[in-house]
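**Q** As annotated in Swiss-Prot:
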type	residues	note
REPEAT	22-61	repeat 'WD 1'
REPEAT	66-105	repeat 'WD 2'
REPEAT	112-150	repeat 'WD 3'
REPEAT	197-236	repeat 'WD 5'
REPEAT	240-279	repeat 'WD 6'
ZN_FING	281-352	zinc finger
BINDING	Cys287, Cys290, Cys322, Cys325	Zn(2+) 1 binding site
REPEAT	364-399	repeat 'WD 7'
Amino acid sequence: MAAEIQPKPLTRKPILLQRMEGSQEVVNMAVIVPKEEGVISVSEDRTVRVWLKRDSGQYWPSVYHAMPSPCSCMSFNPETRRLSIGLDNGTISEFILSEDYNKMTPVKNYQAHQSRVTMILFVLELEWVLSTGQDKQFAWHCSESGQRLGGYRTSAVASGLQFDVETRHVFIGDHSGQVTILKLEQENCTLVTTFRGHTGGVTALCWDPVQRVLFSGSSDHSVIMWDIGGRKGTAIELQGHNDRVQALSYAQHTRQLISCGGDGGIVVWNMDVERQETPEWLDSDSCQKCDQPFFWNFKQMWDSKKIGLRQHHCRKCGKAVCGKCSSKRSSIPLMGFEFEVRVCDSCHEAITDEERAPTATFHDSKHNIVHVHFDATRGWLLTSGTDKVIKLWDMTPVVS
């Protein structure tokens with residue numbers, strides 16, 4: 001008798017469309033060319049490549065250009081086809097790409113920094129080129145003349161850069177874990193405020209100008225959502241990676257955040273839910289549930305003739321508790337904890353199954369990601385990894 005084969009339930013996951021190989025070193029940055037089946041990449045091997053899809057279905061370089069120094073970052077403007085490339089020697093080189101993307105014409109070079117350029121943004125509306133470098137300098141230049149308009153010294157090397165055109169606010173994330181907000185004028189800037197919420201360095205920034213929300217990723221494995229538009233100082237933490245968060249991208253039309261990490265994980269977060277701030281951790285000399293003293297509370301230990309215990313914290317209420325009163329674990333997705341974390345026994349009983357429902361999906365890119373670019377129109381995601389490979393994914397099964 002033949003056994004009936006039950007079809008497997010369909011799991012929604014990204015579809016790998018293409019792999020692009022050939023770089024001798026890591027591809028530090030790459031972008032999907034809008035309205036074209038093409039990709040522009042810059043690599044540590046000093047090459048700039050424009051990959052176009054051939055009749056065979058494979059992507060091959062139509063432009064292969066060697067730079068005088070390793071390429072650390074880039075910014076591409078599709079309307080003007082202007083390509084700004086940051087180099088390891090501190091130079092920014094600008095090119096114009098031909099309409100068919102088969103030719104790259106040099107426009108100008110300028111010495112923007114004393115050492116490696118870490119981030120570049122080209123702002124078409126103001127004709128500015130914003131950049132940060134390992135010299136701890138943020139600078140902005142006129143893209144027409146190449147003239148330096150102004151600068152600001154950051155507290156540490158910057159690794160994240162975003163700009164809001166409407167308010168002329170620039171957001172700079174650095175290795176100290178700080179996010180600095182500056183207001184830019186034509187030739188000067190003023191410090192607006194600084195945010196500090198990460199225990200590690202900021203590795204990526206993403207700005208949503210519609211909701212006026214800033215996302216920051218960090219080497220502490222977390223993402224923080226800073227609600228600037230709400231004007232209440234709300235900061236929501238998202239915990240979904242096992243390694244440093246390397247890149248962030250936001251899909252405005254579906255209100256989903258894509259975070260990618262050194263663990264190879266692609267996490268898609270539903271930001272269209274009412275999320276809650278994580279509570280401040282409370283300090284206490286004894287367990288706030290059973291009143292047992294903690295190990296540094298010698299007086300209570302002596303008076304009660306009890307051995308001091310180690311202090312823990314409930315992730316839901318923030319109370320200081322002992323191990324016995326916090327023996328349970330639970331995920332709390334609305335607080336950003338997609339993995340199970342320590343909670344006190346009373347909070348564990350109070351958390352409902354609905355509150356445990358996941359608000360993120362997890363996918364494996366099978367390479368340690370260093371950079372991503374999301375094309376919202378087609379729903380394509382580009383990932384670049386430490387394996388020197390560029391991968392192109394169709395994200396429509398999970399970003400919709």
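Numbers run from 1 along the shown chain.
Cβ atoms here come from the backbone N, Cα and C positions, even for glycine.
Not measured: the values here are computed from a predicted model.
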**Q** Excluding the flanking five residues on each side, which residues at least 6 beyond the ends of the repeat 'WD 3' (112-150) place their CB within less than 8 Å of a CB in that stretch?
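**A** Same-chain contacts beyond the ends: 72-77, 79-80, 82, 84-92, 94, 156-163, 165, 168, 170, 172, 182, 184, 186-189.
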**Q** Tell me, roughly as an integer, the mean pLDDT over the zinc finger (281-352).
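**A** So the average pLDDT across the zinc finger (281-352) works out to 82.
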**Q** Here the binding-site residues are Cys287, Cys290, Cys325; which one has the lowest number of other Cβ atoms no more than 10 Å from its Cβ?
**A** Cys290
**Q** Provide the number of Cβ atoms within 10 Å of the Cβ of Cys322 (Zn(2+) 1 binding site), excluding the reference atom itself.
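**A** I get 22 for this one.
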**Q** When DSSP states are grouped into helix, strand and coil, how many residues of the repeat 'WD 7' (364-399) land in each?
**A** 0 helix, 19 strand, 17 coil
**Q** Where does Cys325 (Zn(2+) 1 binding site) sit in DSSP terms: helix, strand, or coil?
**A** helix
